[in-house]
Structures are given as C-alpha cells and as structure tokens.
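Q: Take this structure, written in structure tokens, and hold onto it; I'll ask about it next.
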C-alpha cells in the first residue's frame, strides 16, 4: 500500500486479497510496511496525506485575527471618547451643570470607564500565567470602582432631597466629600479582597484544550476557582442591583436635571448586558468565550458613557441657557 494508507481485507475474500484504505484523521501510516496506522501524539495531527504527524496549531484570540482587530479598535475608540469627555468636563468644570452633579465623582467615574475600555485589551493575546491572573482581577476591581461611583452618586441625590425636608438639615453632614470618597474606597476594597483571596488560593491559569478532535489546540485561561469567579461577578451584580433600585426610587425627585433617571437607564442597560453574558459565556468555546466577555465589557461601558454623559454634553454645547444656576435651582 502507498504511504498514508493501510491494508484492509475485503470481507469474504482470501487473505491474499486486500484493499488499501486511507488512515483516519489524526493517524499516519507507520514505517513497518504500512500495514496499520499509528495514532499521532496529543499535541500533533496528521498532515493532509496522512504520512507524518505535525504540531497542532494553537488557537486563541489574537491581535492579528479579524475579531481581535475589531474588538481592539472598538476598545481604543471607547477609551479615546472617554478621555475626550473627561477633558471636556475639565474645561467646563466651573459651570453649574458640572458642579451640581458631583464633579469629583464624575471625574473618577470617567477615569474608571476609561480603564474599563482598556482592561478589555488584556483579554486579547496569547494567554500566559500573568495575563490570566491580571485579566479577571482587573475586570472585577475596575467595574466595582465604576459601580461604586454610581452608587455613591445615587445615594447623594437621595440625601440632598431628604436634607431639604424640615428637621433633616444635618443629613448631608454624613454624605460630604470625604464620606463619598471613603464609601467608594470601601466598596472597591471588598472586591480587592475577593480577588486577592481568589488569586492566592486558586488563580486562573493557561490551559491547553486537547479534547476537541482536529488540527488545533485551544489555548485559554481556566478560571481556577469557580467560587472565586462567581463571587467576583456576584459582587458586581449586587452593587449594580442596589444602584438600580436606589436610582429607580430617586428618578422622579423634583429637579431640572435629576441624574438619577439617567443612572436608572444606564443600569438597566448594564444589567441586561451582563444577564445575557452568563449563558453566552458558558456556551462559547475557547476564544469565543473571551470575545463574549470583551463584548459585554465594551457594551456596558459604552452604555454607561452615553447614558450618563451625553445628556450633559448636549446641554453644555447646545442648550447653554439651561446651564445656569437659576435654571438648576428651579423646581
């Protein structure tokens, strides 16, 4: 028989009668007369002629893939747009609209959103020990920082309205700038502790998936501890749910520019994206799971950016008559 085939007797024929049939995928003819086929080692696959074993091709979400290039472009555009909004707000930081909506937390929120866009880039590229550890920890901490800013902003909106009632004039003493910064730090510190324990006990590590038949080896990051990954996502979901609930309660408070209604809409988009993420992530293999997570990060970040800051930019640029102290103080 020629190379790449093996001997197979025709049923019912004498021993001397045989056919030459090709070796199966992943097998090559051996060197002992091509009587049988040998299975290639796990990290190898047969060539097109079934005559030699060649290394399998590694598959991961690369910066050179069309998918990787597209996601990278979108992430960079989001980071640039966030930086532009940040500079725009810095330039107009003394206007009533920016000052009335807690400019310090707004700047911190914009910085965290920019980091959200940039952290999606660590999910692209060949998985390594440090890349696998950094990507999920960075994602978890940065998103909690973003949600902490939104949660504190919502609490301040409620506190300002409550403090206007008779007998509640001292309420804002508990929600001053230092208390706001402390609350953001406290909420974020919880996620930092969760990630630190996760990375020290059972961190994510690179993993070669050889179970699928074919000429490729899927290189991906295992989450390590499923409990740790679930706690990271669960804490993000908890903060998002609390923020959505408080913003929903404050959405109709009497104010010409009540930020709570924009926070409500942005959190609805955020929750919808991440609720859809979980089943899509679990059912997606290899690099497509990374792509799904990157898409969820980018979609939720763009939702927060446009829902929270586009209305303010619109008023500052096109409705300057509404960007006055008199208009902001009117009920």
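In case you wondered, yes, glycine gets a Cβ from its N, Cα and C as well.
All annotation found in TrEMBL is predicted automatically rather than curated by experts.
Annotations per TrEMBL:
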- 66-91: transmembrane segment (TRANSMEM)
- 67-331: domain 'G-protein coupled receptors family 3 profile' (DOMAIN)
- 103-125: transmembrane segment (TRANSMEM)
- 137-161: transmembrane segment (TRANSMEM)
- 182-201: transmembrane segment (TRANSMEM)
- 226-250: transmembrane segment (TRANSMEM)
- 262-282: transmembrane segment (TRANSMEM)
- 294-318: transmembrane segment (TRANSMEM)
Q: Does the transmembrane segment (103-125) make contact with the transmembrane segment (294-318) through 3 or more Cβ pairs under 8 Å, each pair 6 or more apart in sequence?
A: yes
Q: Counting only residues 6+ away from its ends, which parts of the chain sit with a Cβ under 8 Å from the transmembrane segment (137-161)?
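A: Those are 101-102, 105-106, 108-109, 112-113, 115-116, 119, 122, 171-172, 174-175, 180, 183-184, 187-188, 190-192, 194-195, 198-199, 232-233, 235-236, 239-240, 242-243, 246-247, 249-250, 253-255, 258-260, 263, 266-267, 293, 297, 304, 308, in sequence order.
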Q: Give residue numbers and ranges for long-range contacts of the transmembrane segment (294-318): same chain, 6 or more residues beyond its ends, CB-CB under 8 A.
A: 61, 71, 74-75, 78, 81-82, 85, 88-89, 92, 95, 97-98, 101, 109-110, 113, 116-117, 119-120, 123-124, 139, 143, 146, 150, 257, 259, 262-263, 265-266, 269-270, 273-274, 276-277, 281
